[in-house]
Amino acid sequence: MATFKDACFHYRRLTALNRRLCNIGANSICMPVPDEKIKGWCLECCQIADLTHCYGCSLPHVCKWCVQNRRCFLDNEPHLLKLRTVKHPITKDKLQCIIDLYNIIFPINDKVIRKFERMIKQRKCRNQYKIEWYNHLLLPITLNAAAFKFDENNLYYVFGLYEKSVSDIYAPYRIVNFINEFDKLLLDDINFTRMSNLPIELRNHYAKKYFQLSRLPSSKLKQIYFSDFTKETVIFNTYTKTPGRSIYRNVTEFNWRDELELYSDLKNDKNKLIAAMMTSKYTRFYAHDNNFGRLKMTIFELGHHCQPNYVASNHPGNASDIQYCKWCNIKYFLSKIDWRIRDMYNLLMEFIKDCYKSNVNVGHCSSVENIYPLIKRLIWSLFTNHMDQTIEEVFNHMSPVSVEGTNVIMLILGLNISLYNEIKRTLNVDSIPMVLNLNEFSSIVKSISSKWYNVDELDKLPMSIKSTEELIEMKNSGTLTEEFELLISNSEDDNE
């Protein structure tokens, strides 16, 4: 039985604040929602279930019941999931705020127990104190939290009562315990005080549950990668040829400087929290999805679908425009891909084609060449530490000759103006040389691959990990979407 879910169901009738905070989706009607086939704890109701992706952060951390409420731990609306969320670093004051939160929302005292007794003993068969009827009173205060690690300094902890055990290898979070950062004896005393108000029949169950959960060892934190995010929230703009992502957040006009101020209002100004929840709006943010994780994924797919036969062909057009040649056609893949990747692929394949045909005697794209597997490896190695080694292998497969102790290859360019300008810019020359050494060849390949992408400035993960305040600020400043999305292509092929 999910004690936290039961506590939310019964305690929601206690106060006006509880009616807002304890209204979770797990206690409502289930709606059909596809799940991610990942078993884990739902962060809103703390029960073990099949998880589905959240519309706020695109990570699977809610069950098919709670996803109906559209709540995310990155919202700025002070709902219960947000109140249980603490950002790194963890301090003793923040842990004390979590304990105060439990005592305010889920108190255990004589008045509360008598009220629940009157509610439960409406039937004659419910005179005894059985766990099935009083499970909501067996809610110990623990400092276990689900930890999300976006990077070394960007971590979020969602505190809750995570009962039982489950293999969370595919879940985006790990369960950690902060009892040592607080004070074991002090936390024991807090729970013993709560337990002393319970009927004798329930105290043993409370104590057993508390000691089992409060002494759990912490799991090793899991680094979140791009593959952990769902594809359901990704939107490909066919007009601008750029990927984007829909992010939905609960936004309120009330602001708090930090978490401590929010918890202070929870204790001293509950009406402010109620007003914030009543006036919050479910807001959609459309953000670009240009990040290093997506770049690596797209490069991997490009290498898989790449047709290296193009470097031996006589096609006059770009590699992405070939559609009637069974050895070179890749248009089916590039029709829904970022236009920058498409441009990079065209320039890279054209450059290798010009170099290869200038040095090796080849006839047609149907011929079998030893360089084909290397071209796939070259694309896969872009933006990795193996790039220099692969470029050298490609260079050595173009029959270089030694001139004064330096291996060089010939270069007879075709009619690609974009490639011509790119080589001039890279080598900083007025006219294109007809002979290239390894360093010049490598510089051109790296320049083509990094023409549109500065890896050092790219975020590692999607924009959906940003806080709601950051999204609002970026939207107001116009940086939520890219400047490239204003690009209008005049290519007849792009407008088909």
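Including glycine, each Cβ sits where the backbone N, Cα and C put it.
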Which is it, of 46-49, 170-173, 434-437, 486-489, that Swiss-Prot names as motif 'pLxIS motif'?
486-489
So how many of the residues in the region 'RNA-binding' (1-81) end up helix, strand or coil by DSSP?
24 helix, 14 strand, 43 coil
Could you tell me the mean pLDDT the prediction assigns to the region 'Interaction with host IRF3' (321-496)?
87
Treating G and I as helix alongside H, and B as strand alongside E, what does DSSP give for the region 'Important for cytoskeleton localization' (82-177) in helix, strand and coil?
37 helix, 21 strand, 38 coil
